[in-house]
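Asks: So that we are looking at the same thing, I have put the structure below in structure tokens.
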Amino acid sequence: MDWGTELWDQFEVIERHTQWGLDLLDKYVKFVKERTEVEQSYAKQLRSLVKKYLPKRSTKDDPESKFSQQQSFMQVLQELNDFAGQRELVAENLTVQVCLELAKYSQDIKQERKMHFQEGRRAQQQLENGLKQLENSKRKFERDCREAEKAAQTAERLDQDINATKADVEKAKQQAHVRSHMAEESKNEYAAQLQRFNRDQAHFYFTEMPQIFDKLQDMDERRTARLGASYGLLSETELQVMPIIGKCLEGMKVAAAAVDPKNDSQVLIGLHKSGFTRPGDVEFEDFSQPMTRAPSDSSLGVPPDGRPDPRGPVRNRPKRWPFGKKNKTVATEDFSHLPPEQRRKKLKQQLEDRGRELQKEIDQREALKKMKDVYEKTPQMGDPASLEPRISETLGNIERLKLEIQKYETWLAEAENRVLGNRGDSLGRHSHPPEPPTGAPPDTNNCSSEKESPEAPPSDEGTDTSIYTEFEEDFEEEPAFPIGHCVAVYQFEGSSEGTISMDEGEDLCLMEEDKGDGWTRVRRKQGGEGYVPTSYLRVTPS
């Protein structure tokens with residue numbers, strides 16, 4: 001069924017329907033445009049939310065970034081940021097595939113509709129003009145017939161009138177003949193015009209207008225199909241990003257599962273462990289015994305300036321940390337203001353940084369030397385003398401970094417001794433094994449199955465450390481026995497304190513396993529005990 005056959009007389013209805021279809025098309029384009037604005041606003045708000053909760057400082061400088069809960073939160077933020085990107089992609093695809101393309105299509109189909117209706121109105125106008133001509137020829141024929149009949153009656157009346165002259169009768173007959181001839185011509189013209197109009201009218205209703213209506217029907221059906229396809233783009237655009245959105249949500253789920261409470265507890269210990277020993281028992285001060293004062297005792301508690309101390313005689317009182325407030329200390333280059341464990345970690349980090357910088361300078365110097373050799377062999381490529389300032393600069397940097405490394409190694413050895421001393425003291429008091437060394441190995445004694453107790457730390461190390469030295473006591477460590485065997489895979493020269501040299505292929509006694517710091521304590525069969533790199537060993541625990 002088509003419009004040309006079924007709706008041949010509904011020109012105005014078709015005109016209104018096609019206009020409504022175009023209005024609906026424009027309405028949908030407007031709807032999608034507002035939908036994209038919603039998506040863009042949503043994505044923008046999500047990105048702003050992510051930015052608001054991102055840390056202000058870099059991850060490298062943020063100690064909180066070491067906790068799994070913080071890392072998972074950062075991953076959730078990253079996944080949410082990617083999710084916002086997918087919402088922006090939805091908005092972009094809808095803008096391009098619907099708003100822009102459908103708006104252009106709407107303009108094209110409006111132009112097509114306008115052309116079809118102009119063609120239909122032109123055909124209508126032509127048919128109306130033919131009808132007017134038919135009406136005119138019909139009226140002329142009717143008028144000429146009346147005039148001919150009137151002229152014939154006049155001629156007949158004069159012919160019967162005895163008083164009329166022959167000339168008047170002839171004239172009346174002549175006039176009747178002329179009118180009759182004119183009526184005949186009008187009749188023929190009317191008949192021809194009627195035939196032409198009927199032909200044009202049949203062509204209009206059975207051929208021309210049905211074709212125009214069929215074109216309008218095809219146009220409207222194409223518009224409807226395009227609009228339906230555009231409806232589907234809303235869901236298709238969403239479905240395209242659903243896999244990635246699913247990955248974002250799955251990433252959030254993975255981040256949630258990655259939270260490790262035990263690990264975070266260990267990270268907190270590593271970040272803030274001071275390395276100090278716990279205070280010993282407070283001695284009992286017996287004030288019940290009477291004090292026999294000599295005459296000179298009256299001077300007790302009186303300071304040299306002669307003013308008596310209202311607190312009475314001065315006694316050494318141990319300070320109780322960590323429940324009291326710490327005194328603020330000024331940062332120093334050797335990090336002596338930090339607790340022993342934190343100081344050791346900071347010094348180790350500084351050594352690693354200086355080592356990387358030194359290697360970078362050495363590589364740069366080697367590259368400059370190679371470039372200088374190339375310039376010397378091929379002068380047209382450059383002047384070798386132009387590289388001398390840069391080579392000298394790298395040499396200066398290398399010497400400076402070597403001195404800094406030596407300085408930090410000295411401080412690190414001091415810190416290691418301090419940490420080891422605190423661990424030994426803790427072992428003597430609380431009967432639990434000392435914590436493993438990290439970074440550079442601490443000093444150890446040689447060729448003995450028994451280790452002497454480490455030296456007690458000096459009592460004048462600073463504000464934060466001096467308060468603990470009052471509780472440190474000497475102890476004797478229980479004899480250490482091998483826990484396994486190992487073989488040196490590579491040669492190692494133990495140049496720093498606490499390390500020991502070994503030859504490639506040498507059999508060693510394993511005294512203490514690697515605790516995660518990269519060092520293992522071993523004993524040589526010919527005597528000598530110390531730390532060596534774990535990666536240099538092939539360990540076979542017993």
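Here the Cβ of each residue, glycine as well, is placed from N, Cα and C on the backbone.
Caution: TrEMBL annotation is automatic and unverified by curators.
Per TrEMBL, the features are:
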- 1-264: domain 'F-BAR' (DOMAIN)
- 117-175: coiled coil (COILED)
- 279-326: region 'Disordered' (REGION)
- 289-299: compositional bias 'Polar residues' (COMPBIAS)
- 314-326: compositional bias 'Basic residues' (COMPBIAS)
- 337-414: domain 'REM-1' (DOMAIN)
- 344-418: coiled coil (COILED)
- 422-471: region 'Disordered' (REGION)
- 481-542: domain 'SH3' (DOMAIN)
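Mind mapping these onto the model and telling me what they sit next to?
Replies: Confidence across the domain 'F-BAR' (1-264), taken as the mean pLDDT and rounded to a whole number, stands at 92.
With DSSP classes pooled into helix, strand and coil, the tally for the domain 'SH3' (481-542) is 3 helix, 30 strand, 29 coil.
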Asks: Across the domain 'REM-1' (337-414), what are the DSSP residue counts per state (helix, strand, coil)?
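Replies: Counting residues by DSSP class gives 72 helix, 0 strand, 6 coil.
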